[in-house]
């Protein structure tokens, strides 16, 4: 008989005896074994719960989680995530008897999106027969593709939605492409779901080939002809179309015939792209005459130098009710009148790109506030636009709709950038690159203060930016002083001027201005004359500034510091942008290790560009790899303080790193290549141009990295190989050296190769 405890020390007898005790002990043992030292086994969760959890992860995080166990791998490849999954083959022979195609045939995965770049098709086999029913998008870029291969592939793609063929010269040099009527009828049934067709940068595309390709796509909604040699001159059309002109020409691609195809499909077409072509005003007027049947939602005319406001205005008036996406970048002849018409008529526009439209000025930019649902705006490199246009335009009132703003290389001011941060609270992408005179530490502090949801921040070549702006050390008095000045200016504007004698106005009262007193003036400090050069003086000032910031960090970290020291370190740091994924600080040469040592913990950061930040050294890299473990692309070009130890930390700690640029880092040796060979298992791109202490052929040391497809080697890059050295111009430019390079150093004992 066993005794069971019932509470408060009381016991009762159990009729089961030892048998019940053993069964309960077995149940407890089985329950306790379901928990290991790290917690419950989350791999045993139902698949529905795992998929729901994975929906909150980004694709890179989901890829990392898939390597935990087999069940998580199955959850990461659920059909709910297949829309963003791409299979990319670059510079690989497509042969079912050779890897990687042979290995893919044994895969249990599905490939809804396939991108084939510079692929030579040799033996297609049963690959597309096996995976074709699940393919929705396929891209051929610069592939060695023949007509029979393309036809065989398309026959196996019944679920295809998007077809892109880019720079496939051999394919379009074949005149009888899809010439068989029976074959076209079969493809028309198979490709009944294709809505997007892209034939970019195909110089040998003709009217006949385009006619036959469009014929097999009955549900076409998007047509992209970027970079194609389209003839818009009617005289050339009469030359190649003698007589009735009903049969399409096999020798030339003309807009006259393209307009006929658009007219036949105008009720279904929604997107057109004629970027980098010679499209002119007459062509746009032809498209405008097809309305109201033609209702375009997206129009891209990037780098169309023949366009003017006259032809574009006619088309925009006809498509005012449906246009949502408009790209007019590098269309140099567009003026403010065109932008005013866009803001006045296209009330439903969501994306507007007018990058490098040189004729735009503040007059047109002021009207951008009239677009109520605008989400993306790009007016970079518009030389006549300055901070006044931004203050009176998009930053003149609160706007929570705008998500992406690119004002790169504009002549802005501090007030305009601060107004952007205060009024555009919904920004996720902000590009302020090459705003030399505007972006200061104060502006960056307001960015960290108001735009905490940013995912991309570009501050390239903002040379006024220093460690104080990124860390907030000592910036609180500066922020308070700025706010007091703003309040004082608002008070002066709201206070009316009182008239005094002679019709003059009494100036407003300033609390800082006081009448002169009879006190003795303070002694001026003695004048010191420095014999240093300007460059030497800047180096000394940067070193002193770095020393002060390091002391401030030590005072902040000290728990026994006085309360008066807290105000010195109470600004806003970069760590507030917890959702940041892309950060570009290229050319910010006043930044030091302090910016990386102080409160830099960005777990979502994917791309980081620190090129030409020459004061960053090993200490900063050590803090970087600990605070930003998810970096996939890192640029440290021309960071002359980076050494082999720093590269070892990067390669061993950044497990997701795929692209690394170490261009012109002169302290690096072959040891850096050995560290990359040991730890950089996922490396795809490596740039070591200008590393003069490395071997001339780094690929020989990196043969153990099968995924490393792009290596940019060379002791002299294109910026320094000018032939001014002692070896002579011919030898330097051709990459030859008079003496053999030194042998590679032996590997260290701690390395495992």
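Each position is counted from 1, following the chain as shown.
Positions of Cβ are set from backbone N, Cα and C atoms, glycine also.
In TrEMBL, the annotation coiled coil applies to 532-560, one of the ranges 532-560, 561-589, 590-618, 619-647. Between the stretches 1-24, 25-48, TrEMBL puts its region 'Disordered' entry on 1-24. Sorting each residue of the domain 'F-box' (39-89) by its DSSP state yields 31 helix, 5 strand, 15 coil. Residue counts for the compositional bias 'Basic and acidic residues' (482-495) by DSSP state, with H, G and I taken as helix and E and B as strand, are 13 helix, 0 strand, 1 coil.
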